[in-house]
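Participant: Okay, so Swiss-Prot annotates it like this:
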ACT_SITE  D79  active site, proton acceptor
SITE      R15  site 'Important for substrate specificity'
SITE      T80  site 'Important for substrate specificity'
SITE      Q163  site 'Important for substrate specificity'
Amino acid sequence: MSAPTKLILASASPRRVQLLQQAGLEPNRLVPAEIDETPLKAEHPRSLAKRLARSKAEKALERLRKDGEERDSFVLAADTVVAVGRRILPKTEIADEASNCLRLLSGRSHRVYTGICLFTPTGKLRHKLVETRVRFKRISREELEAYIASGEWRGKAGGYAIQGLAGSFVVKLVGSYTNVVGLPLHETVSLLAADGFKAYLNWPAGTQV
């Protein structure tokens, strides 16, 4: 199967777009999917990440069908969940939420799960769950206050962005770094490649970092 011409990302997340661009992939269209992200009763963080990724992909595909644009398109969605044990941390929107998350994460390990869901042009459903373990140092009161003042936590799962200032909190990371940012690149590119969409075909010659 030759590489399709369209890659649809079921997200408006700038960091997910940037990660795809890092791998040489430019989404042809962003179709953010508004869904209820509330965990079900006793839902495991793994299950939540998988369920939300699939819901986003299905919602985006439904919209594309209405627009008559689903043909020859890969529809990619992802959802990232941060958890301490089975306790799911919110995507923080207010400072108190972020402070509570960071106090909980301070000096201990947590897990970051990203569910990836991909609908192929032939209608196949592909999915993957990626897990990364992260350990934070003990965050001082002054550091916590400064981080909250930065506003970097807003809208972030677990109340932090590892690619930003919070990277200085990380003592140890086991697994995919890009998973913690919001889209595990190796697994995403592998899912696409399995159905003929090869990222390297878009790599420009003579690129310098």
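First residue shown is number 1, and so on along the chain.
Each Cβ is built from the backbone N, Cα and C atoms, and glycine gets one as well.
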Participant: To see if you understand the setup: which same-chain residues, six or more apart in sequence, place their Cβ under 8 Å from that of T80 (site 'Important for substrate specificity')?
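Facilitator: Sequence-distant Cβ neighbours: A49, V112, Y113, T114, A157, N179, V180, G182.
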Participant: Quick one: what's DSSP say for Q163 (site 'Important for substrate specificity'), helix, strand or coil?
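Facilitator: The three-state answer is coil.
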Participant: Among all the protein chains here, how many other CB atoms are within 10 A of the CB of R15 (site 'Important for substrate specificity')?
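Facilitator: Excluding its own Cβ, the number within 10 Å is 17.
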Participant: Drop a 10 Å sphere on every Cβ of the recorded positions D79, Q163 and tell me which sphere holds the fewest other Cβ atoms.
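Facilitator: Counting other Cβ atoms within 10 Å of each of the recorded positions D79, Q163, the minimum falls on Q163.
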Participant: Please report the DSSP secondary structure of R15 (site 'Important for substrate specificity'), reduced to three states.
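Facilitator: Note: R15 (site 'Important for substrate specificity') is helical by DSSP.
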Participant: For the C-alpha pair, I'd like the distance in angstrom between the residue listed as 'active site, proton acceptor' and R15 (site 'Important for substrate specificity'), rounded off.
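Facilitator: With distance taken Cα to Cα, R15 (site 'Important for substrate specificity') is 12 Å from the residue listed as 'active site, proton acceptor'.
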Participant: In whole Å, how far does the CA atom of Q163 (site 'Important for substrate specificity') lie from that of R15 (site 'Important for substrate specificity')?
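Facilitator: Here the two Cα atoms lie 9 Å apart.
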Participant: Kindly assign the residue listed as 'active site, proton acceptor' to one of the three DSSP-derived states: helix, strand or coil.
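Facilitator: Going by the DSSP assignment, the residue listed as 'active site, proton acceptor' falls within a strand, counted as strand.
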